[in-house]
Every structure is written in C-alpha cells, then in structure tokens.
C-alpha cells in the first residue's frame, strides 16, 4: 500500500485505499482565479494526487498561508468510476462549493463541480477530456432539416467554448509530454562525467602586479607613449671638448692678429696700412666701424727675453727689407727659438 510519509516523522500522512485506481485519460482540473483561467492540471496518470503547501510531498503545490503542508488528497474510485476528495485534517478545511468536508472522510466530486482549499481564492473545477467534435454537429445528424435554426441559436457559443477548452487542454497535455520526455531521456542517456576542478581556495604568495603605475609612483601612466633614446656620455664630452678647442684656438689667433705686432710690431706703418684697421694702444679694434675692446685671453709666453737694446740701435728701418704683402698676410705663431735661429745669449743677459 502506497503512502505519503512526512519527512519529519515516521507517521504516514495519507494511506492510499485499496479501491483506488487509475482515472480515464483526459481527466483534469481547471484552476480559476476570479474570472481568469490560470492553468489546467492533468490528473489521469496516478491513483491519487496530494494537494498542500509542501512541494516535496505534494503533487500540486498551493502557495497560500492558510493551507496545510499536506492539505487534501484526490482519489479515483476504480469500481464506481468516480472521483473522491479526502481532507487530511487540515487547519482551515477543504470545501466542495461552500460546504466544508469532514476530515479523513472521502467525498464524491461530480464532474463540473468546484472545490477550494483553505482561504485560497483559487477554485479547482473537475473536467473530463474535451470532445473533438462539438455537440452541435452530432445534433445535426439526428435532427436533419431543423439543423439550421439550432445551429444559429446554440451552435456558435458552444463551439467557441469547447474550442477554448480543447486548446487549453492540448496546451497542458503538450507541456506534460515534453516534461516526461525530458525526464525519460535523462534516465536513458548517460551523461559524460565532468571533471570537477579543485574547489578549494588557494592563495598565492607572490603578488602579481598588472599595472605598475598604480603601485610605483616613479612609473608614469603614459610610459608606453614616450620614446627614449640613450646617448653615450663619453662621446658627448669628446665632441664638447673638440669644439671648445677649435673655438679657443681661433680666438687666440684672432687676438694675436689684432693686438700683437709680431716681430715688426715696433715699426711705423706704411702708406698702404694707413687705410686699414688701426690698432689701439689700449687694445681696441675697429669691428663694424666701432672701437670695441678685445682683451688678449691667452698672451704669448717668451721663453728667452728679448734684448731691449737691439731695437734701439737701429731706429730707422731699411725700406728695402719690409714687404707690404707679407704684413697684410695672416702671421703664424712663432716661438723665440724659431724666430732667432742660431742666436746666442749675450753676457749682459746672464748677469
């Protein structure tokens, strides 16, 4: 004997009676709330169906606080071909129309009658399988010539109602078939075992930095957009020293040409030199038509002192010795040894 057992205790909540049997196909309940049809519940597969608030124990869940966990049972009598409703000692009762049923006492439910559970506003109406051919068509075959009048008066409303019921029933039946097909298919098909990943939580000791600019302040946010070039310091220093040496040597030559008279600095100028740039006593030269001071930053150092009496001996120069072209040409720097080759120091300089 099949029985519904409460999970919290070993006492059975409902004992299926021996007279219970499988109902005919197409038997169902119309669930109506107000004037709106919510759904159709098919009840043609089992001997009994349980109604209540507990979804684990009941076949149809009643989501209302006034209903008990296992509220009532709907059983089909195989000998009487009738449906019976049994209240399972519910707190707020089970109603057939407006009549409350006695607990644990089967009550016959006629077709098209309405039942309700507790204070729920949903009404459950017992229905048979809707007929494929409407009743008006069967009456046409019997009555013959009077069919047109009855068809106009009673045929259309009845056909529309039966068509709606048939549509709703087929919808509920198709839902049940799809559900059963999925469940049976799940039993036959062996699902491949999924390799479960390790569900344990592990922590890595190494910190993986994705954006270093968020951690290190020295790293810029736009470092990928900046191009860097490496210039060797040694090469730069060599270039700087070489350029400075050339400029310094050039300036020294310019200073030598502007201020120092060389070997013939003490001689008076000739007629061709009177129109050229004059040399000032205090180190001034005409640059761009204006006298500008130009100091000598690197004066020449004479290793052997020049005898002052040598210049005073011959105050008047020989005109044939001087060459005007040689005076205008740039003079090179000459040392004392090269300027006076073979000259020996006099005894007066050594004293």
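Note: Cβ is positioned from N, Cα and C throughout, glycine not excepted.
Within the set 290-309, 310-329, the record from Swiss-Prot flags 310-329 under the feature region 'Interaction with EED'.
Swiss-Prot lists motif 'Nuclear localization signal 1' at one of the ranges 185-209, 260-284, namely 185-209.
Of the given residue ranges 247-253, 331-337, Swiss-Prot assigns the label region 'Involved in PP-1 inhibition' to 331-337. Its Cβ placed at the centre, residue 204 (phosphoserine) has 6 other Cβ atoms within 10 Å. Residue counts for the region 'Interaction with CDC5L, SF3B1 and MELK' (1-142) under DSSP, helix first, then strand, then coil, are 8 helix, 59 strand, 75 coil.
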